[in-house]
Amino acid sequence: MSTATTRSTAPEKRSFTAAASEYVNDRTGIAVAIKGLGRKAFPDHWSFLLGEVALFSFVVVLVSGTFLTFFFQASMAEVEYDGSYVPLKGVEMSVAMASTLDISFDIRGGLFVRQMHHWAALLFVAAIGLHMLRVFFTGAFRKPREINWVFGFLLFVLAMAEGFTGYSLPDDLLSGNGLRIIDGMVKGIPLIGTWTSFLLFGGEFPGTAIVGRLYTLHILLLPALVVALIAVHVGYVFIHKHTQFAGPGRQPTNSVGPPILPIYAAKAGGFMFIIWGVISLIAAMFTINPIWNYGPYDPSPVSAGTQPDWYIGFADGALRLIPPGWEFVWLDRTWSFNILVPLIAIGIFLVLVVGYPFIEAWVKGDKREHHIADRPRNAPIRTAIGAAGVTFYAGLWAAASSDLLATHFSLTMEGVINALQATVILGPIIAYFITKRVCIALQKKDREIVLHGYESGRIVKLPGGEFIEVHQPLDEYDRWRLVSFESYEPLMIRPDARGKITAGQRLRASVSRWFFEDRIAPVTRGELEAAHSSHHAEVDTTHG
Amino acid sequence: MAQDDNSGVDLVAADSSHAEQEFAGSTGTAVIPRDAFENPGFEPHRPRVTDENPKREKRAQRTVYTLFYLSILGSVWAIAAYMLFPMESNDVGAVRLNNMFVGIGVTLALLGIGFGAVHWGKSLMTSAESIDIRHPISSTPATQQGAVEVMRQADEESGFSRRTVIRNSLIGALLAFPLPAVVLFRGLAPQDQLPVELLSHTMWRRGTRLTLDPSGTPIKASDVTIGSAFHVVPEGLAELEHGKLEEKAKAAVLLMRLEPSQLNPAPGREDWAYDGIVAYSKICTHVGCPVALYEQHTHHLLCPCHQSQFDVSNNCEVIFGPAKRALPQLPIAVDDEGYLVAQSDFNEPVGPSFWERH
Ligand code: HEM
Ligand code: FES
């Protein structure tokens, strides 16, 4: 009975916070989460912030987009514009365009929110792209994170889809032209193209349905998918715990960093507000998508030098790079390879991106979990493949501005296109070899530093009259950062249980040879000792 | 799997601590050298200036709360700016000011919190690192075994693998039931229209006058001087009740006049031009952008979307770029009053290629 008495006296002394916490915990059991997660370590590195930039800019997109839905009207009915923007007064346009103009010119702060939405969207896609590159180049997609790589990839694709559908909503000249291009591409797909275009637009292009349909995708279906995938994606980051770079005390079996509460929360929470602030500053100062300059969509006029949003550029560029004449009539049907080839090339590229973790895992046959992020130089072939991919993408992307390149640098259109065609085909190969060489050179340099120390910049004169630079040996912590990586060697083919060598084996062996034949291993203790004893001999003579 | 990897002779089991055991798995072709360095353990903790110098600590504290106060100021400013900078004056400049001043207030409000919190975290919060132990992601063998057992039992009790007829009929039903939902989407496009039919015809008819876009004024042949180019739509387009944009997206035409000697009409098209005046579809045969840029001295048309170029003096054949087909030509003539009219519709579908086109 003594317990009962202590209980009844306790509440009088407790603070409001304590009482409130108990109230909530009694109904949710939330204490488990706080105890379990509150002091979780979160490894720190600037490059780990890229995913957060994506997340935080998505929050801006969501909040600003919700504000826009209260004013935007996704209708293609024709009206005569009668808002505050004088140059367009009396012009026929769709309700969608007119309501977007109203958001910009008749609702205070509306332009600000609209510009925040657009700038945040641009930053969102850019941050996802850079985040993907970080994950790729540090090998953070290895077991157990392959599936989360796939989720991240899907988010990248969905983000581009969100961006394109959003760009099309205001029904201005540029958004209509973007849809016209989509229509033309869809029509070029064999067998289903014509009908698909008809279903998409509800009849002939442009029709009166597409903006409403895209709106449903843009504010309902796609955001729901994005939010769900973000939840899963970030959930898995918690379950897997973040990767960390090698460092003293850091093991494959631990995770080291500031605790979530309070330091990580303060830094990441603060960083969130900084990202929001930066987006707000850009929206306050820089115009984006001034649809009032473009006017409403009309199939006839177009101005030169207009550009899609940046993340669509690679697809637009791919269309531009096709040489003349890639279309045939065969079997009484039109085969538009000028459209199919870009679509297929981009498709293959995306499949390679999403599939890379599985390819690398197959080549290595390594079934262990990997929680230590690679330095890019320590995985030369992966880094070189990544550089090749980036070059390919960049070539397509540059091609989307071929006309600007030509006029800006006074080149011929043909010259620019031919140069970019070469870039897209040869560029990746060149980038591959250069990157591989650079990685291996950097690895050799690391070995050199571990074995012989840093160049201290101090020159001493030997008794014999020659000059040498004194090398500063590494302390064990710095050394660990340079030697704690694993290298792989080419697979040796051995016959299986039935004494056979399968074709799969042979393929794996040759890919493995390509990956790992130029292997630089980390310095071992024995090598360092050997280097030291020869060094000591040197040092002795110096002092002697 | 083991025999195809290089595990074995040249490898030694790495430091066989308990944790390493938990993370066991084939190393594949990884090389684990026998005398690798050992992890030296954590570096000694280095205190920050704010830990050692009370003055610096005070200063950091001041910075943090000043930033938070600035943030409040920013919020107040944004609300004030909303009221102080109206924009109902039909004046674009006022919109700019409203946008900028509201935006700067919001920015200050956000950045104040952001930089304040980060500075607090970096300079004042205790800076020791946490260390978590990782456990293998996979469940323990016992749990796995348990899961297998649950599934086995469920199978046993339901007879899922045993009663194959039931199982297969269920699979069939599950495959079939979404199909109606797919079919319903047929309604996305009108039931009573044939795409190929629609794509093959435009508004142009025998005798339709060529009119200026957008004014709708008919064009007299005598007004078309050599070297000029006009954006043209069929007469009556503006009066259409429905489908104006759809018709315009097919019927838009570019009218140009060259010296008749500069034209090389293809066989059968000799009388499609009138005194050097030619009319070509403006819709690009690549993916449908308007081919709007005419270079007078070369007689080249340029599509701004992907830079396809067409040679007007040579039946608008493609000379560069991804488009394959020449721009379709609209045969024109002159009516009794001297206005330009179409001789007929285009003789082929205009615009982007499509599968059924031949
Ligand atoms: C990944 C997410 C998203 C991206 C990348 C994105 C992108 C865009 C873009 C580029 C525009 C064109 C804006 C302009 O006129 O300059 C737009 C318009 C719009 N978005 Fe989003 N958006 C996203 C999510 C959302 C969400 C979640 C909502 C609502 C809940 C939303 C609501 C709107 C509305 C109403 C418009 C039309 C208003 C206007 O054009 O001013 N968006 N979006
Ligand atoms: S639409 Fe004209 S070149 Fe692509």
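The backbone N, Cα and C atoms fix where each Cβ goes, and this holds for glycine too.
Taken verbatim from TrEMBL:
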- A:20-246: domain 'Cytochrome b/b6 N-terminal region profile' (DOMAIN)
- A:48-72: transmembrane segment (TRANSMEM)
- A:119-137: transmembrane segment (TRANSMEM)
- A:149-169: transmembrane segment (TRANSMEM)
- A:215-239: transmembrane segment (TRANSMEM)
- A:271-292: transmembrane segment (TRANSMEM)
- A:335-359: transmembrane segment (TRANSMEM)
- A:379-400: transmembrane segment (TRANSMEM)
- A:415-435: transmembrane segment (TRANSMEM)
Please indicate, using numbers and ranges, the residues of the same chain that are 6 or more beyond the transmembrane segment (A:149-169) and have a C-beta under 8 Å from a C-beta there. 61, 65, 72, 74, 96, 100, 117-118, 121-122, 124-125, 128-129, 131-132, 135, 141, 175-176, 178-179, 210-211, 214-215, 217-218, 222-223, 225-226, 229-230, 232-233, 236, 289, 308-309, 311-312, 350, 353-354, 357
Given a Cβ distance threshold of under 8 angstroms, which distant residues of the chain, six or more beyond its ends, lie next to the transmembrane segment (A:379-400)? 133, 136-137, 139, 307-308, 310, 312-318, 320-321, 349, 352-353, 356, 360, 417, 420, 423-424, 427-436, 439-440, 443, 514-516, 518, 520
With Cβ-Cβ distances below 8 Å as the criterion, list the same-chain residues six or more beyond the ends of the transmembrane segment (A:335-359) that contact it, or say none. 132, 136, 141-142, 145-146, 149-150, 153, 157, 184-185, 188-190, 314-315, 318-319, 321-322, 326-329, 385, 389, 392-393
Per the Cβ under 8 Å criterion, with at least 6 residues separating them from its ends, the transmembrane segment (A:271-292) contacts 49, 52-53, 56-57, 59-60, 85, 87-88, 97, 100-101, 104-105, 112, 115-116, 118-120, 122-123, 167, 170, 172-175
Just to confirm my parser: what is the rounded mean pLDDT across the domain 'Cytochrome b/b6 N-terminal region profile' (A:20-246)? 96
